[in-house]
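S.K.: For reference, the structure I am asking about is given below.
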C-alpha cells in the first residue's frame, strides 16, 4: 500500500494527551485517581502481609487472593504514575518501547487476573460441592501449577500483540495517542499500514480469555447455587452463600467494566472519546481499589487478622 508523505517512520517518542475534551479539568480528575491508587496499593499490600504472616491463611482461597493482590499492584503501578505525570506535571512524552512495555504489562496482567478469578471460582465450587475432597484436590502443588498455567497463558497470548506492532508497522500517521495510557487499539489505530491482522488477533484474545473464563465461572456458580439451595438447614445455606459474596462482587465489577470498555472502544462510534477513556481507566483502577476492600470486609478470617495486626501496632 502507498504511504503518504505525512507519515512518521518508526517514531522513538510518542505523546499521550490524556483525556481528549477534558484537558482543562485533568488536574482535578487526577485527585480521585491518585486516592484510588494509594488505597489500592495500601490495601493490597496489607492483604499480602496478612496472608504471608498468618499460617492459617496459607490455604488455596487466600493464596489466590494474594495472587490477585500482586496482579492489582502491578496493574495500578503500570498506568497511574504516568497518568498523573500527564495530568499534573504535563509530561506526555513516552518512549515507543516503554509504551509497548506498558501495553504488554496491562494486557498480560489483565489476562492473569481473569485466570485467577476463574481459579477462585473453581476453588469455591470444589469447596462447596465436594467439601470432603477439597483438601485432597486443591493441594499446594495444584495451586502452583494453576499459577504457572495462568501466567504462561497470559504471556503466550499477550506477546504476539507486542510482536505484531513492533515488527509489522514501520509508518505511523501520528505520534499522538489520544489516551492517557498505551492501549492496544489506540496504538494500532496510529499505524499507516494494514492493521486487519492486529484487530483480528486483539478480538481473538479478548473473546478467548473472557469467553473461556466467564463461561466456566458462570457454570461453577450455577452448580454452587444448586448445591447451596439443596442444603437442608437455613444457617448452612447462609454460611455457604456468604463465602461466595465477596467473589461474586469481584467477578461482576471486573467483567462488567471490561465488557463496557471493550465494546465502546470497538463499536461505540457515537460514544464521546472522553467517556470511553474514563471508563477504560476505571476498568484498570477500580478492581485494584475495590478488591482489598471487598475481601477485607467480607472475609472474616482476613478481617480478624487485620484487626489483630492493627491492635498490636497500636499497643506498641
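Along the chain as shown, residues are numbered 1 onward.
Just so it is clear, glycine is given a Cβ too, placed from its N, Cα and C backbone atoms.
From TrEMBL, for reference:
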DOMAIN    43-295  domain 'G-protein coupled receptors family 1 profile'
TRANSMEM  28-50  transmembrane segment
TRANSMEM  62-80  transmembrane segment
TRANSMEM  100-122  transmembrane segment
TRANSMEM  142-165  transmembrane segment
TRANSMEM  200-228  transmembrane segment
TRANSMEM  240-262  transmembrane segment
TRANSMEM  274-295  transmembrane segment
S.K.: Any contact between the transmembrane segment (62-80) and the transmembrane segment (274-295), i.e. 3 or more CB pairs below 8 Å with pairs at least 6 residues apart?
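M.R.: They do touch: at least three Cβ pairs between the two stretches lie under 8 Å.
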S.K.: Compute the average pLDDT of the predicted model within the domain 'G-protein coupled receptors family 1 profile' (43-295).
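M.R.: Per the prediction, mean pLDDT sits at 88 for the domain 'G-protein coupled receptors family 1 profile' (43-295).
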S.K.: Can you say which of 28-50, 142-165, 200-228 has the most Cβ pairs under 8 Å with the transmembrane segment (100-122)?
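M.R.: Comparing 28-50, 142-165, 200-228: 142-165 has the most Cβ pairs near the transmembrane segment (100-122).
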S.K.: Cβ under 8 Å, sequence separation of at least 6 from the ends of the transmembrane segment (28-50): give me the contacting residues as numbers and ranges.
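M.R.: Hits for the transmembrane segment (28-50): 19, 22, 57, 65-66, 69-70, 72-73, 76-77, 80, 83-84, 87-88, 278, 281, 285-286, 288-289, 291-293, 295-296, 302, 305-306, 309.
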S.K.: Which residues of the same chain, at least 6 past either end of the transmembrane segment (274-295), have a Cβ under 8 Å from a Cβ in it?
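M.R.: Sequence-distant neighbours of the transmembrane segment (274-295): 19-22, 29, 33, 36-37, 39-40, 43-44, 46-47, 65, 68-69, 72-73, 75-76, 79-80, 83, 106, 110, 113, 178-181, 183, 246, 249-250, 253-254, 257-258, 260-261, 264-265, 268, 302.
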